[in-house]
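Worksheet: one structure, shown below.
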Amino acid sequence: MSRFLICSFALVLLYPAGIDMYLVGLPRIAADLNASEAQLHIAFSVYLAGMAAAMLFAGKVADRSGRKPVAIPGAALFIIASVFCSLAETSTLFLAGRFLQGLGAGCCYVVAFAILRDTLDDRRRAKVLSLLNGITCIIPVLAPVLGHLIMLKFPWQSLFWAMAMMGIAVLMLSLFILKETRPASPAASDKPRENSESLLNRFFLSRVVITTLSVSVILTFVNTSPVLLMEIMGFERGEYATIMALTAGVSMTFSFSTPFALGIFKPRTLMITSQVLFLAAGITLAVSPSHAVSLFGITLICAGFSVGFGVAMSQALGPFSLRAGVASSTLGIAQVCGSSLWIWLAAVVGIGAWNMLIGILIACSIVSLLLIMFVAPGRPVAAHEEIHHHA
């Protein structure tokens with residue numbers, strides 16, 4: 001079992017590492033490529049676009065051909081794209097490399113969640129996804145620090161060589177450690193069960209909405225945090241970094257505590273708690289009389305996401321024993337596209353950073369609470385976790 005957990009964690013971590021590690025070198029990259037920092041900030045969106053594009057096909061291929069045939073090319077593409085970015089001499093080539101990086105990371109991301117669905121029952125999967133969420137929260141803190149240390153001695157290209165080395169590690173794990181977990185091709189008697197695993201299932205769609213809104217909350221916070229903390233609240237850059245590190249600490253603490261909470265409380269209770277924390281955060285930020293109270297509201301955001309997201313993802317994947325790859329892709333596409341659409345629309349309409357965050361917090365909590373209360377899980381899939389895997 002440990003081999004599946006290690007491989008899944010490694011496959012997932014390419015995604016945040018690809019986002020956060022290069023940011024510290026952005027000014028130097030812009031100077032060398034004769035582009036403005038503003039022009040290169042689109043590299044974040046291009047990377048997410050690559051991930052979304054990968055998810056359009058990765059899940060279906062993983063369900064038909066297996067998890068390894070998607071993970072291995074995905075890791076290889078991430079390596080090649082990282083090297084391509086390091087060799088880029090124009091901003092256009094750099095952005096093309098970032099898109100390819102996103103494609104590779106997206107393939108690995110989809111496979112990681114499919115593997116966890118293949119190998120873990122509902123309760124263990126919820127615990128592992130909560131732990132994974134906590135580990136993922138470390139990357140935005142550690143990656144820029146590692147990038148800074150690298151750039152003390154080496155040029156910005158070394159950041160992408162470091163990402164390539166990470167990709168090589170994931171490729172080696174996928175080649176030599178990971179075993180295939182895709183369920184064996186269903187017999188004729190299993191066809192009705194395969195056909196019953198519909199992406200239009202009300203319970204699955206409710207969890208897609210809940211997880212998409214939750215990701216929209218956390219990405220809205222990350223996207224608006226420089227404006228909120230430095231421009232509106234007046235913190236210096238060093239203080240901003242400290243606050244973001246502390247919020248990551250809050251996220252890790254609650255993520256690592258959630259598996260223990262699942263041994264005491266029902267998953268539904270934790271999901272309701274998560275949304276109540278979001279609602280409390282929105283109200284706190286809306287009526288906040290001081291910076292200290294606002295910072296408390298921000299900690300509630302991190303706590304709410306950490307308590308509920310892993311549980312909701314586990315519930316979303318639960319009904320899919322034979323189509324876990326497609327379900328994972330659908331979740332990923334909805335989360336990436338939904339959150340990006342909200343942030344873009346809010347910017348186009350002219351909603352300020354503060355109101356943007358408050359609005360998504362309150363909307364997410366109200367909609368999600370209604371879905372949790374009124375959309376119950378259906379009948380468990382027969383032979384839910386008793387799947388025969390390929391050797």
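Going from the start of the chain as shown, residues are counted 1 onward.
Keep in mind that glycine also has a Cβ here, set from the backbone N, Cα and C atoms.
Annotated features, as they stand in Swiss-Prot:
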| type | residues | note |
| --- | --- | --- |
| TOPO_DOM | 25-41 | topological domain 'Periplasmic' |
| TOPO_DOM | 63-68 | topological domain 'Cytoplasmic' |
| TOPO_DOM | 114-130 | topological domain 'Cytoplasmic' |
| TOPO_DOM | 152-157 | topological domain 'Periplasmic' |
| TOPO_DOM | 179-202 | topological domain 'Cytoplasmic' |
| TOPO_DOM | 223-244 | topological domain 'Periplasmic' |
| TOPO_DOM | 314-330 | topological domain 'Cytoplasmic' |
| TOPO_DOM | 352-355 | topological domain 'Periplasmic' |
| TOPO_DOM | 377-391 | topological domain 'Cytoplasmic' |
| TRANSMEM | 4-24 | transmembrane segment |
| TRANSMEM | 42-62 | transmembrane segment |
| TRANSMEM | 69-89 | transmembrane segment |
| TRANSMEM | 93-113 | transmembrane segment |
| TRANSMEM | 131-151 | transmembrane segment |
| TRANSMEM | 158-178 | transmembrane segment |
| TRANSMEM | 203-222 | transmembrane segment |
| TRANSMEM | 245-265 | transmembrane segment |
| TRANSMEM | 269-289 | transmembrane segment |
| TRANSMEM | 293-313 | transmembrane segment |
| TRANSMEM | 331-351 | transmembrane segment |
| TRANSMEM | 356-376 | transmembrane segment |
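In terms of C-beta pairs under 8 Å, the stretch of 4-24, 42-62, 131-151, 158-178, 331-351 lying closest in packing to the transmembrane segment (245-265) is 131-151. Panel annotation: around the transmembrane segment (69-89), residues 7, 11, 14, 18, 22, 33, 54, 58, 61-62, 96-101, 103-108, 110-111, 157-161, 163-164, 167-168, 170-171, 174-175, 178, 325 of the same chain, lying at least six beyond its termini, place a Cβ under 8 Å from a Cβ of the stretch. Sequence-remote contacts of a segment are chain residues at least 6 beyond its ends whose Cβ falls under 8 Å from one of its Cβ atoms, and for the transmembrane segment (269-289) they are 210, 214, 217, 258, 261-262, 296-298, 300-301, 303-305, 307-309, 311-312, 315, 354, 357-358, 361-362, 364-366, 368-369, 372-373. For the transmembrane segment (4-24), the most Cβ-contacting stretch among 42-62, 131-151, 158-178, 293-313 is 131-151 (pairs under 8 Å). Same-chain neighbours of the topological domain 'Periplasmic' (223-244): 140-141, 291, 294-295, 298, 343, 353-354, 356-357, counting only residues six or more beyond its ends whose CB sits under 8 Å from a CB of the stretch. Here the transmembrane segment (331-351) sits against the transmembrane segment (42-62); at least 3 CB pairs are under 8 Å, leaving out pairs fewer than 6 apart in sequence. With pairs at least 6 apart in sequence, the transmembrane segment (42-62) and the transmembrane segment (293-313) have fewer than 3 Cβ pairs within the 8 Å limit; the two do not touch.
Here the transmembrane segment (93-113) touches the transmembrane segment (42-62). Their Cβ atoms form 3 or more pairs under 8 Å, with each pair 6 or more residues apart. Applying DSSP to the topological domain 'Cytoplasmic' (314-330) sorts its residues as follows: 11 helix, 0 strand, 6 coil. Regional average pLDDT for the topological domain 'Periplasmic' (25-41) in the model is 82. Helix, strand and coil content of the topological domain 'Periplasmic' (223-244), in residues and according to DSSP, is 18 helix, 0 strand, 4 coil. Here the topological domain 'Periplasmic' (25-41) has long-range neighbours at 88-91, 94-95, 147, 151, 155-156, 159, meaning same-chain residues at least 6 beyond its ends whose C-beta is under 8 angstroms from one of its own. When Cβ-Cβ distances below 8 Å are used as the criterion, the topological domain 'Periplasmic' (152-157) is approached by residues 22, 25, 28-29, 32, 86-87 of the same chain, each at least six residues removed from its ends.
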